[in-house]
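Accompanying notes for the structure given below.
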Amino acid sequence: MKKQWTRRSAAAIAMVTTLLLSSHSFAASENNERVDPRNEAYAKDHADQYDSWRSTSDSVQIEDALAEDPNMVILWAGYGFAKDYNKARGHFYAVDDVRQTLRTGGPTDENSGPMPMACWSCKSPDVGRVIEEQGEDGYFSGKWARLGSEIQNPIGCADCHDTRSEEFKNGGPALALTKPHVERAMDAIGKPFGDQSRLDQQAAVCGQCHVEYYFTGKTKAVKFPWDKGTTVDEMEEYYDEIGFKDWTHKVSKAPMLKAQHPGYETWRDGIHGKNKVTCVDCHMPKVTKEDGTVYTDHKVGNPFDRFEDTCANCHTQSKEMLQSVVATRKAQVLKMKLTAERQIVAAHFEAGAAWDAGATEKEMAPILQDIRHAQWRWDYAIASHGVHMHAPEVALEVLGTAVDKAADARTKLVRLLAKKGITEPVAIPDISTKAAAQKALGMDMEAMKAEKKHFLETVVPEWEEQAKEREARDYEPM
């Protein structure tokens, strides 16, 4: 095992020699100083920001979203999210959580495992460092495990700030996009980062990760599907035109799309986005210490936890009243979410029954397209964290169209099934719990958990040891 990862490290070093040949290299910089991805390196000069960032480690609890809503196991059948899907924790846990999820499997060497390198892209400031050193092709190529020892530090300072700039060193924010695919995405929607206002830049740095994206090309590089715009319809049209699918559904065989977390897109369409109230206004407010010092709180969290520093800056209503409004909107979105899920789950099983009854690809094509569109719209709404607050009207409208699309699919399926001699309702197996739903799909969860356990106990310690040695060699001690 040791030799396998050592060889990979040597190969990564050798690859640096080719970085200037990369067609999308991000290595060019006005400052030749090596970027330091270690968040602790900024603790002394930016103590308040660092201490508040470190407080994101307070979110220790892991909440199992599949256990809460087993429908999602079926909706993602055949895809990694059916294995596990936990609600997001604080930035402090970004690297740990992606290592521990069953979705990344249990690779035993640099070439094994189910996921590409791109899965690190929103987890660490080491990503920007590696892209600078090896170019985009050098970073994205290969499996997720290939550069496991290089991605060590969780989401932090160098993800959103130009930490090498004089502005940052003198206490200024020096906001920056640190990944070239994000710069291209902003250009695509006519918002080059350098031309953006300070408020837009505050949202854009969050939009490096809190967005919809997909993996493209031989290297499975990250791309935002914004060529036609950022609405659910525009991105759907884009995906359809290029014939993209994330996976083929295990039950219905539909060519599926998996929305990631389009928070930036839904925020733009919501009341706050339209009024230039940005992510940091609500989630990272400026706070005043007892000595009068003002700083930006980097403990990204619920605005109601710091009501006087967030909501009360604009709203005259009481905290209790606003909490009631948000709770009502959340309940409305949840109700429509579950309605859409029931329809789409049924459509998947009915499509499976149609295949079993001898349906042809030609007969199924329009049905599968309806299922694809229905679930894309459902996912776009539910994967956008906080959409009930950011843009509840968008969520309800999009979920409504998801129900309509699913109903279209089921109407066509009723006719097709009748044509095949099936007039009784299609039976749906027990999916009342996460375990039952995974069993219905024939998933060997114990084997997956054992594989992950072995990976965490054998491979991850080697990654951490190699990262420690590299950082000791490349950076000044803290």
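Each residue, glycine too, has its Cβ placed from N, Cα and C.
Record check, Swiss-Prot: heme c 4 site residues include CYS279, CYS282, HIS283, and the candidate from HIS161, HIS388, HIS390 also listed there is HIS390. For the heme c 2 site, Swiss-Prot gives CYS157, CYS160, HIS161; the one candidate out of HIS298, HIS315, HIS348 that the record lists there too is HIS298. With CYS206, CYS209, HIS210 listed by Swiss-Prot as binding heme c 3, the candidate from HIS46, HIS91 annotated for that site turns out to be HIS91. In this entry, heme c 5 is bound by HIS272, CYS311, CYS314, HIS315, whose most widely separated C-alpha atoms sit 12 angstrom apart. In the three-state DSSP assignment, the secondary structure recorded for CYS160 (heme c 2 binding site) is helix. Within 10 Å of GLU212 (Ca(2+) binding site), counting C-alpha to C-alpha distances, fall the following of the binding-site residues HIS91, CYS157, HIS261, CYS314, HIS390: HIS261. CYS282 (heme c 4 binding site) falls within a helical segment according to DSSP. Within 10 Å of the Cβ of HIS261 (substrate binding site) there are 21 other Cβ atoms, across all protein chains.
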